């Protein structure tokens, strides 16, 4: 039988017991009520009425006496009538007593009393006849003789009825009391039996339910104390308790399996902590380290006493964290532990990912950090899991690999560079960087001179960047672009001058240049030695040339030298003097060779560069560097600003590829170089608007077209709509002018006559003193 049925049976028994007790109580109550009703409505009123009979009899006697003693007949007649009425009442009362009689004795007495009553009133009637007949003496005599006798008899009968009624009343009350006592006793007995029965059933049910639960409780306590989950509670029945015990045993079995799984996982974790080549630890509140941590952590930190120490003292105090970063890190850790997991998400970016940690002997380890939250079921971060990796060797390998990658990239760029042109580029860039360094030193304590220095440094750095991009030396170009960005900001706000930052960015460009020079010299072996396989080039040290010139001068000055020999020797000396002077075509051609790559970047067709020389021209090495730098800007500007995209050119009836023409001729003052392109020309209206916007031209000022064109040489002036890597900073033409003027020359723009102001063709004319150029014999 199941526990549910047992409990149901107990409830049913309790209900039946209550119904039995209640039913019996109701029955006894009804019986008692009936007895009480009989006593209160029958016996007692009947006894009371029997007492009233005597009073009524006395009233009749008094009326009879009054009738006999009445003074006149009329009064006697009236009283006799009242006696008749009283007789009826008394007769009625006896009839009621007869009805209420509860025994034969009472009924017999009542009947005798009724007969006596008839005799009594018959005697009264006789007395009344004597009285009404005027026989007063006869009436009084009959009254005294007969009526009184019947009165005494009637009184005795009524007294006998009263005695019998009282006896009946007492018996009824006694019976009622006995009935009530019996009812109480019976109810108590029945209730006691029901209670005992229910108690016995409840006790049996209690034992059947509580005992197994108690056994399960004891077993649970034993398991909890011993942590031995192999214990089981015996199952002797398959009711609810049995099924509960079975479920409990199944739960213990699952716990045993889970405990075994936890044990294995713990063993795995311990094995992992002993063998994993990482430092694993958990941070508790207060940033203290939990006793469980990996063995490798001790090797990384070179500490044995780790448990219980704070991460501050163990790691941060000897790291490269600044005071601000350290305070920020500690605050972030404290804001995570004990708080919602969202706090970790909000503060994770403040936790350092890599540190440089100092050890004895000035040793430094690079340690990589990984942070993870350990959360409770409610999402609160209880601890932080921190993993440490010693990546010192990896970072060294990465730096080495990066350096090798950078070197390989530089090798590729240098291999695409004419080896004979790189030294000139390197010398030019080095010269410009030294000038920038000198400008920084000169203006460090002279804020008033910084505006001019910024313009000069901007020109130099823009030239370095342009040359580097022209020859595809991207690392130099990128470093120069960063420096150029700062110069652009300083041009707008000179108060932002920062000597350390300026020097650092200049040094970054110098370091990039030095790296290319090292790769070119050491890795590629492109020193001063002749280029292998180049049959057309012979490299002769300058000292040897100077020695040859000295010997030739000595021979030419000898009086014994024939005039024709002297003329030949003079020509040889002149040729040796200009032996290191490069041809102007080579100087410009090296720059022009980079235009196809630039055109590709700009989305244009590569232009055709046509050079017309009145006579082959060589330039001195000092001038060659300045001209090369100038033409870097001129050719790039021509392609970027002048020559249109192929679609636009085709729409205007031009060839898809642009054309740049360079012409040279000797004039009275020296060498003249003219450069022109077939692009869109100058937009003089736009130049005026830009000049006014930049404060170079006052409002209302009027300039001729030629004067307007010369505004493009102003520092910082540009008509470009946006700043790009190629143009837009207003440095190019300013730099060209500075390079030409550094040679003692001048530069100007010559406009075509009759052209539209928005598209005016022009030529750029450069004039150099004669000392820089040499006509080379064909």
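From the backbone N, Cα and C atoms, a Cβ is placed for every residue, glycine too.
TrEMBL entries are annotated by machine, without manual review.
Taken straight from TrEMBL:
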- 73-100: coiled coil (COILED)
- 187-206: transmembrane segment (TRANSMEM)
- 207-260: domain 'HAMP' (DOMAIN)
- 414-516: domain 'HPt' (DOMAIN)
- 462: phosphohistidine (MOD_RES)
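DSSP assigns residue 462 (phosphohistidine) to a helical segment in the three-state reduction.
Mean predicted confidence for the coiled coil (73-100): the pLDDT average there is 79. The Cβ of the residue listed as 'phosphohistidine' has 27 neighbouring Cβ atoms from other residues within 10 Å, across all protein chains displayed. Within the domain 'HAMP' (207-260), the DSSP-based counts of helix, strand and coil residues read 41 helix, 0 strand, 13 coil.
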